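What follows is one structure encoded as structure tokens, with my remarks underneath.
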Amino acid sequence: MALTTAPNPTPPARETVRASAKSRRPGRTRHGEGLAGYVFLSPWLLGLMAVTAIPMLLSLYLSFTNYDILTDLSDVEWVGLANYERMFTADPSYWHAVQVTLSFGLIAVPLKLAAALGVALLLNRAWRGVGLFRGLFYLPSLLGGSVALAIVWVSMFNRDGAFNSFLSLFGIEGKPWVNDPDWSLETLMVLAIWQFGAPMVIFLAGLKQVPTELYEAAAVDGANKLRQFLNITLPMLSPVIFFNLVLETINGFQGFTAAFVLSNGTGGPVDSTLMYTLNLYITGFTELEMGYASAMAWVFLVAIALITVVFFSTGRFWVHYSDGDGN
Amino acid sequence: MHPATPPTANAPAARGHRTLHRRGLLRITAAMVALPLVLGATACGGDEEPSTDPNAKVELSIFWWGGEARAKLTEEALALYTAKHPNVTFKKTWQANQGYFDKLATLTAGGDAPDIFQIDDNYLTEYASRNTTLDLTKYKDEGKLDVSKFPKSLYEYGVVDGKFAGVAFGENTQGLVYNKSLLQKHSLPEPTTGMTWEAFIAWAANASKVTKVPGTMDPSADYKALWVWLRQQGKDLYKGKELGFTADDVTKWFELWKGARDQGATPTADVIHEGNATDITKQLVVTGKAGTSFVWANQMPELKKNTKDELGVIAYPGDPSAQWARASMYFSVFGKSKKADVAVDVINFLANDPEAGKVLGTDRGLPSNLDVRKTVSDSVNDPAMKQSIQVSNDLGTKFGPSPQVPLKGHSKVRSELIKFAEEVQYGRQQPAQAAAAYFEAAKAAIA
């Protein structure tokens with residue numbers, strides 16, 4: 001006992017300091033801490049108010065008006081639900097954009113997650129130089145929604161692009177991918193899938209958390225790799241899958257930059273890349289119908305919120321939180 | 001924000017340092033709240049009150065679209081103005097046509113539109129009907145803005161519903177640009193003004209066969225080609241507040257070009273799609289993907305910069321009297337500019353001063369002021385400008401009357417035409433089906 005306490009005379013002293021500090025703080029201390037918190041938060045908070053919250057509320061108001069950008073805000077006319085009515089009853093290109101966005105999201109998001117998980121599984125092993133590969137696979141997603149990347153993509157996938165030169169090595173005649181209405185959206189999907197780095201890194205982190213004993217126990221019981229994957233990896237990874245799914249779905253539906261660049265801001269050829277946000281942009285800024293575009297934005301917000309709610313409510317059937325099991 | 005209760009009121013002396021601390025925090029909070037307000041206030045106070053002193057320093061903002069050549073000429077002409085009026089300086093911004101009007105609209109929404117901006121008839125009605133452009137009638141009547149040397153039709157082209165919204169900065173007309181070098185290499189005849197559309201398409205089909213380069217761009221998605229063609233059929237793009245054509249007219253137009261594609265006169269749909277971009281550098285005649293492009297005659301010098309080949313320019317096929325002297329673009333003054341008087345004087349200078357005219361040349365089209373136009377034609381050295389003057393003068397003798405300025409919703413009328421023409425080009429819809437759908441969409445756009 002003496003041996004252990006002798007070299008450590010400080011802990012009791014620290015206790016005293018802490019105790020006295022505590023005794024010095026009256027009930028108002030919490031308030032003070034809260035205040036300090038807000039002060040430290042204020043740069044962000046002010047930014048949030050000025051560039052997000054206030055414009056958002058304003059756009060909610062504008063969605064009930066005929067605001068056209070050029071007219072003064074004080075002169076806009078209240079049109080009630082007319083914008084929403086038009087969207088749902090009289091605007092075929094709106095529904096076309098919804099369809100384009102849905103097919104983009106429903107195909108690109110699952111494939112991107114599958115690619116991310118597959119590569120994460122491969123990179124979860126202790127190979128030589130695996131760190132380098134992790135970095136390389138992560139790289140494309142760092143370039144994110146970059147315009148430069150979209151321009152490169154267009155030049156790779158047009159008629160005289162690198163991809164067709166590659167195909168011609170095998171005697172296959174390519175297509176003008178980005179300028180072909182049957183393939184332009186698919187080209188955008190491939191671009192989105194290729195940027196699987198961000199969910200991959202999250203999957204990798206999740207895989208590292210799966211206790212190795214589980215695999216050892218399963219191996220002892222004679223489970224093969226596939227069974228181990230289905231019965232251990234997937235359930236243990238389900239919270240991470242859930243997280244990635246929610247995030248990537250929201251991102252996927254909001255895709256804008258690549259479609260804008262590929263189509264010169266028109267959504268062409270023949271509206272094949274008219275993503276929801278691009279249609280909204282054209283409506284607001286090119287056709288000057290900002291009130292209508294605001295209504296589109298709010299419907300979009302509600303739709304994405306609903307999709308997220310659906311994910312969360314179904315999540316409890318398939319997402320397995322190991323620490324919830326009395327761990 | 002926070003109630004400034006004196007913190008020392010019931011505080012024991014032992015808390016003295018804490019009080020200070022709290023005060024400090026309050027100060028920081030106040031500063032953080034106040035700072036953006038102060039900054040915001042200065043930003044709002046940026047526009048000085050109009051001064052009565054004619055020599056007071058003024059900085060005018062001016063915004064235009066165009067290429068580097070235009071930027072150089074415009075900056076030179078503005079420098080001339082500053083040399084004569086040293087108190088006036090300019091904040092110049094320019095960019096490519098793509099995205100120009102998105103940005104102009106955004107600047108206007110922020111109340112921060114440039115004092116002077118370039119605009120064309122695609123948007124003039126939209127801006128004028130909302131009073132975003134200043135009505136210049138007063139200045140014209142007071143003699144501060146002189147348009148007396150303009151052709152009457154050119155001045156009137158900038159008047160929308162009785163408001164003088166834009167000062168025309170050049171006259172031009174539709175021009176069919178063809179690759180002279182390519183034709184000469186294969187000893188093919190050059191197309192000529194006045195050829196019928198059918199004869200032109202047959203010529204192009206032959207050119208494709210001989211040169212292995214598609215003879216002509218397919219202009220079925222191009223509103224200005226459709227417009228000229230409609231006028232040749234006795235119709236028009238707009239008539240009063242309505243469309244000046246029927247779905248049947250569009251069907252015939254789409255069928256004309258479907259026939260041309262079947263004969264091999266035009267490139268494949270994906271190449272046509274590339275040429276449907278407004279960007280000059282993507283026009284097929286300069287990218288070498290077709291023998292001709294349908295453009296505006298004043299774009300010749302800019303097109304020439306993008307190719308090594310010799311280019312020629314004639315009127316669009318059909319009767320050239322369907323073409324008209326169009327105001328290629330205008331300069332307008334922002335309706336809420338506090339420096340409107342100076343801005344108008346600058347526009348007056350750029351439009352009427354012979355020296356400024358010489359600098360600007362024909363980059364925006366033939367100068368609007370006929371005296372300046374004569375000086376420029378006599379003295380111009382640039383061969384591409386010489387050519388476009390020559391062509392415009394030749395065509396000028398054959399022009400018919402100008403149509404009305406496009407209606408509100410015109411930009412959508414244009415973009416929908418691209419969409420439905422491409423439906424036909426890609427073979428996804430029959431001409432009649434696409435034409436009917438286009439007609440409905442165009443009607444909705446101007447409603």
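Quick reminder: no glycine exception, Cβ is built from N, Cα and C everywhere.
What TrEMBL lists as domain 'ABC transmembrane type-1' is A:98-311.
Here TrEMBL flags A:1-30 as region 'Disordered'.
Sequence annotations record features per position, and here TrEMBL assigns transmembrane segment to A:35-64 (among others). Here the transmembrane segment (A:35-64) has long-range neighbours at 76, 78-81, 83-84, 290-292, 294-295, 297-298, meaning same-chain residues at least 6 beyond its ends whose C-beta is under 8 angstroms from one of its own.
Sequence annotations record features per position, and here TrEMBL assigns transmembrane segment to A:102-123 (among others).
Taken from TrEMBL, the feature transmembrane segment applies to A:135-156 (among others).
If you look at the transmembrane segment (A:187-207), the same-chain residues 6 or more away from its ends with a CB under 8 A from one of its CBs are 104, 107-108, 111-113, 115-117, 119-121, 123-124, 134, 137-144, 149-150, 153, 157, 177-178, 233, 236-237, 239-241, 243-244, 247-248, 252, 255, 258-259, 262, 273. Annotation source TrEMBL lists transmembrane segment at A:187-207 (among others).
The transmembrane segment annotation in TrEMBL covers A:228-247 (among others).
Feature annotation from TrEMBL assigns transmembrane segment to A:290-312 (among others).
Long-range contacts of the transmembrane segment (A:102-123) within the same chain: residues 130, 133-134, 137, 185, 188-189, 192-193, 195-197, 199-201, 203-204, 207, 229, 233, 237, 241, 244-245, 248-249, 252-253, 255, 275, each at least 6 residues beyond the stretch ends and with a Cβ under 8 Å from a Cβ of the stretch.
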